[in-house]
Amino acid sequence: MNQNIEKRLFTSESVSEGHPDKICDQISDAILDEVLKQDKNAKVACEVFTTTNYLLIGGQISSTAIVDYEQVARDVLKKIGYVDDAYGINANTCKIDIKIESQSPDIAQGVELSNDQIGAGDQGIMFGYATNESKTYLPLAITIAHELVYNATSQRKKGLFKWARPDMKSQVTIDYTNINNPKIDTILMSIQHDPNYNEIEFKKYIKENIMDLVAKEFNLNTDFKVLINPTGRFVIGGPQGDTGLTGRKIIADTYGGYSRHGGGAFSGKDSTKVDRSAAYMCRYVAKNLVAAGLADKIEIQVSYAIGISQPISIFIETFNTHKVDLNTIYKAVYENFDFSVSSMIKTLDLKKPIFFKTSKYGHFGKKDLSWEKLDKIEVLKEYKKCS
């Protein structure tokens with residue numbers, strides 16, 4: 001490591017939709033969406049556990065919706081490509097247990113308040129972040145890491161990526177030594193494969209048709225260090241290789257460790273759970289502030305108490321990149337954004353069944369998500385004039 005002692009290297013990781021934890025996230029959000037299609041006011045907290053050819057679906061769901069949870073789970077597995085016992089779980093043969101109950105009435109009385117107000121479903125802290133270092137206003141490392149496993153999965157599903165199986169991970173190290181010209185230092189990919197495969201051809205395909213392809217998409221270098229399946233073999237994968245659980249990839253789901261995280265997971269939770277809705281709102285606000293030019297980087301923290309609709313606190317960090325006085329940024333936030341639970345749900349249209357698409361390859365950076373819209377730029381630019 002001596003040769004890198006003066007380098008500024010930052011690393012983030014992502015996982016494919018076939019990773020055991022992501023299987024669980026997708027099933028949790030697929031169930032949430034199916035419930036919301038029938039009952040937009042449903043209260044959902046759904047979690048999934050998986051191991052070799054087995055799923056356990058549990059949680060609390062209060063709703064008038066009638067949903068075949070088992071069928072939803074099997075459909076998700078089929079979409080991923082888990083239709084072979086050798087892969088670690090098989091949509092057609094796996095055992096599924098259902099342990100779903102109704103929401104606690106003690107929680108319900110704190111959520112449903114008068115005058116159309118909604119109390120926070122729990123206490124907690126949430127963060128949102130944006131940076132102008134990429135077109136999606138996300139850090140480069142996590143953005144590239146997502147694209148690698150997304151691209152590899154797409155090629156596998158199309159039959160182009162020979163020998164590949166569903167379970168994959170990526171890890172990207174960005175060299176920020178020249179802060180104005182970041183480059184890729186290292187890419188690591190671990191990709192499950194068939195037992196009878198040509199290792200040299202497999203790795204060559206990954207470097208040329210996945211790693212290099214993605215690097216070029218971002219107009220970045222292709223002379224990075226390469227690590228592919230460092231143990232030498234990755235046949236046993238999926239839930240057979242590791243157990244999976246909803247909510248265990250919260251850093252890959254957000255900013256790849258580049259920003260702080262409050263600890264609350266997203267998948268399987270309806271929008272009255274501020275772990276999800278407030279984190280989305282913080283991202284929405286931070287992204288619009290950065291896009292409006294008020295700072296190069298912004299991180300927003302909020303906190304809530306169960307049963308109370310308004311946040312307990314709001315904190316804004318710009319990492320000394322603000323272009324206007326920090327008090328002006330606070331003023332812009334307080335005058336243009338409402339962090340009450342009911343307002344966040346309305347602003348971001350969070351009663352719609354939109355959550356399955358967030359359950360893989362990150363909850364941020366996708367254009368068609370409401371919290372990614374840039375509809376406050378012009379009004380926020382006005383604050384640059386009065387600073």
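Using N, Cα and C of the backbone, Cβ positions are placed for all residues, glycine too.
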37-47, 92-102, 103-113 - the range that Swiss-Prot marks as region 'Flexible loop':
103-113
Kindly state the mean pLDDT of the region 'Flexible loop' (103-113) in the predicted structure.
57
Same chain, 6+ residues apart, C-beta under 8 Å of the C-beta of Lys269 (ATP binding site), given in sequence order:
Leu32, Val44, Ala45, Cys46, Gly121, Asp275, Arg276
If I restrict to non-local contacts, at least six residues apart, and a C-beta distance under 8 angstroms, what lies near Met168 (ATP binding site) in its own chain?
Val15, Ser16, Gly18, His19, Val149, Ala152, Thr153, Met189, Ser190, Ile191, Gln192
Taking only the binding-site residues Asp21, Glu47, Lys273, which one has a CA atom nearest to the CA atom of Asp242 (ATP binding site)?
Asp21
By CA distance, which of the binding-site residues (Asp21, Glu47, Lys273) lies nearest to Arg233 (ATP binding site)?
Asp21
